[in-house]
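Undergrad: Sequence annotations record features per position, and here Swiss-Prot assigns active site, charge relay system to H274, D320, S417 based on similarity to another entry. Marked as disulfide bond by Swiss-Prot on the basis of similarity to another entry: C57-C62, C90-C101, C95-C110, C112-C121, C129-C140, C136-C149, C151-C164, C238-C243, C259-C275, C388-C402, C413-C441. What Swiss-Prot records for 86-122 is domain 'EGF-like 1', and it gives sequence analysis as the kind of evidence. Among the features that Swiss-Prot reports, domain 'Peptidase S1' is placed at 232-465. Summarising the annotation, Swiss-Prot assigns N-linked glycosylation site to N187, N218. Annotated 4-carboxyglutamate per Swiss-Prot: E46, E47, E54, E56, E59, E60, E65, E66, E69, E75, E79 (among others), in sequence order. Annotation comment: Swiss-Prot describes D103 as (3R)-3-hydroxyaspartate. According to Swiss-Prot, the signal peptide annotation covers 1-20.
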Amino acid sequence: MESPVRLSLLYVVLASLLLPGRSVFINRERANNVLQRIRRANSFFEEIKKGNLERECVEEICSFEEAREVFEDNEKTTEFWNKYEDGDQCESSPCQNQGECRDGLGSYTCTCTEGFEGKNCELFVRKLCSLDNGDCDQFCREEQNSVVCSCAKGYFLGNDGKSCLSTAPFPCGKTNKGRAKRSVALNTSNSEPDPEDLMPDADILYPTESPSELLNLNKTEPEANSDDVIRIVGGQECKRGECPWQALLFSDEETDGFCGGTILNEFYILTAAHCLHQAKRFKVRVGDLNTEQEDGGEMVHEVDMIIKHNKFQRDTYDFDIAMLRLKTPITFRENVAPACLPQKDWAEATLMTQKTGIVSGFGRTHEKGRQSKVLKMMEVPYVDRNTCRLSTSFSITQNMFCAGYDAKQEDACQGDSGGPHVTRFKDTYFVTGIVSWGEGCARKGKYGIYTKVTAFLKWIDRSMKARVGPTSETPRLTHPPY
């Protein structure tokens, strides 16, 4: 009896739905009362199935935990959830200047490219010296949150306030290989001077050995074998114009030269103080590429004045620096030009944080070998100060730095002492060191030790200003105070 009644009621409902003007659709609540279904997420079988994004979060509204079951990764889940919960905040591409947008809940984050900052990377970052050297060609310093560029002596600042230009035919710090003309500048930096006694004793010292070896203390002769290491020997030949600042100190007895030097301007040569103990009288040759051949580019200059640092220590090689004033000025040309002197702060922050510097000279090709007849150059990496200190039992003072290879058989050797260590920055070479000493030549685990030029820039400058007036007949040894 009950069944026919239910059927009758169903017919009435259906008939009423089909009457004209009545909708064939009913709302969700009424429909659920008519056709009920079990939601899959609540069933036992659904819970044990692996998460499915479409089933969990598209067909149904899901929770963060359900989305996490699908991605099984917090970062990916968060990235999806931020968009799922309130839409993609990055859809409008709010980040400017190629910034990368990351969506968040009700917000977004921009990761800006170098040189931009701000919420939307809309702000241009001021380029200070730590970023691309402030776009300066040479020296850079910061002043009132802005960059001030300047140039080495012999250059002037361009109209852009960044570039360094020169009208000199051979400016300092420029290699002249393949160039018809280049220029030089009387390069100076910050430095100081003073005088001292006549040249001390004329003991013959052996450059680039350790201080104690020079004094015959704990002297050990290296074993001669076929594996003798090669240093600037292991380097490459300097072609014409590649090492124009190289000078060679030689005596009548040592025509091949006993030490090197760096041309700073037409009158001054930078060298090592310990070189002054190897000959009572010597001359300076510039423009030489091969000591056995003359090509017309060599020039010999007599020394008018010798300026040695009065704190030079012969037992430790601390303050190993000296200046030579020439009687006649150097004529600069393709193969003869000075290296630039840097500014102290800029050099220590920028130059000496470069990966490598360059040394050159006529030094021995092996630890116990002969002097090289040709001028050689070699790129040597700067060595961390702590690493260098741990490599030797000798003192590495604040006036020294280390460069070279731990195992590679290349180094500076005897005869290279006093020679240039220069560092390149934007095609300009600046003096950064003086070849001073080392334990043997290119021994494994040992590095070359160099006088740190930035520690003496004021001394150098004042030394070059110390002597005014006509030259004297005999060389004089003066001594600027530090």
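Just so it is clear, glycine is given a Cβ too, placed from its N, Cα and C backbone atoms.
So that I understand the layout, could you describe where these features sit and how close they are to other parts?
TA: Its Cβ placed at the centre, H274 (active site, charge relay system) has 29 other Cβ atoms within 10 Å.
In the three-state DSSP assignment, the secondary structure recorded for D320 (active site, charge relay system) is coil. All protein chains shown were included, and the count of other CB atoms within 10 Å of the CB of D320 (active site, charge relay system) stands at 31.
Its Cβ taken as reference, S417 (active site, charge relay system) is surrounded by 31 other Cβ atoms within 10 Å in the chains shown.
DSSP assigns C57 (disulfide bond) to a helical segment in the three-state reduction. A sphere of 10 angstroms centred on the C-beta of C57 (disulfide bond) encloses 18 other C-beta atoms.
Secondary structure at C101 (disulfide bond), as computed by DSSP, is strand.
Cβ neighbour count for C110 (disulfide bond) (all protein chains, 10 Å cutoff from its Cβ): 21. DSSP classifies C110 (disulfide bond) as strand under the three-state reduction.
Counting only residues at least six positions away in the same chain, the Cβ atoms of C95, Q96, N97, Q98, G99, C110, C112, T113 sit under 8 Å from the Cβ of C121 (disulfide bond).
In this view, C140 (disulfide bond) is surrounded by 25 other Cβ atoms within 10 Å of its Cβ, with every protein chain counted.
Remark: C136 (disulfide bond) has C129, V147, C149, S150, K162 as non-local neighbours, by Cβ distance under 8 Å and separation of at least 6 in sequence.
Non-local contacts of C151 (disulfide bond) by the CB criterion (under 8 A, 6+ apart in sequence, same chain) comprise D137, Q138, F139, L157, C164.
Secondary structure from DSSP puts C243 (disulfide bond) in coil. Note on C243 (disulfide bond): other Cβ atoms within 10 Å of its Cβ, all shown chains, come to 26.
The Cβ of C275 (disulfide bond) has 26 other Cβ atoms within 10 Å, all protein chains considered.
Every protein chain shown contributes to the tally, and the Cβ of C388 (disulfide bond) ends up with 20 other Cβ atoms within 10 Å. For the recorded site, C388 (disulfide bond), the DSSP three-state label reads helix.
Within its own chain, the domain 'EGF-like 1' (86-122) has Cβ neighbours under 8 Å at 79, 131, counting only residues six or more beyond its boundaries.
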Undergrad: Provide, as an integer number of angstrom, the distance between the C-alpha atoms of C140 (disulfide bond) and S417 (active site, charge relay system).
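TA: If we compare the Cα positions of C140 (disulfide bond) and S417 (active site, charge relay system), the gap is 31 Å.
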Undergrad: So what pLDDT does the domain 'EGF-like 1' (86-122) average out to?
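TA: Average per-residue pLDDT within the domain 'EGF-like 1' (86-122): 84.
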Undergrad: For the disulfide-bonded residues listed here (C112, C164, C238, C259), tell me which residue's CB has the most neighbouring CB atoms inside 10 Å.
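TA: Sorting the candidates by Cβ neighbours within 10 Å, the top entry is C259.
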Undergrad: Give me the CA-CA distance between E65 (4-carboxyglutamate) and C402 (disulfide bond), in Å, as a whole number.
TA: 58
Undergrad: Taking the Cβ of C402 (disulfide bond) as centre, how many other Cβ atoms lie within 10 Å?
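TA: 23, counting other Cβ atoms within 10 Å of C402 (disulfide bond).
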Undergrad: Determine the minimum-neighbour residue: among E66, E75, D103, listed as modified residues, which Cβ has the fewest other Cβ atoms within 10 angstroms?
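TA: Each of the modified residues E66, E75, D103 was scored by Cβ atoms within 10 Å; lowest is E75.
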Undergrad: I'd like the Cβ neighbour count for E79 (4-carboxyglutamate), meaning other Cβ atoms within 10 Å of its Cβ, all protein chains included.
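TA: E79 (4-carboxyglutamate): 15 neighbouring Cβ atoms within 10 Å.
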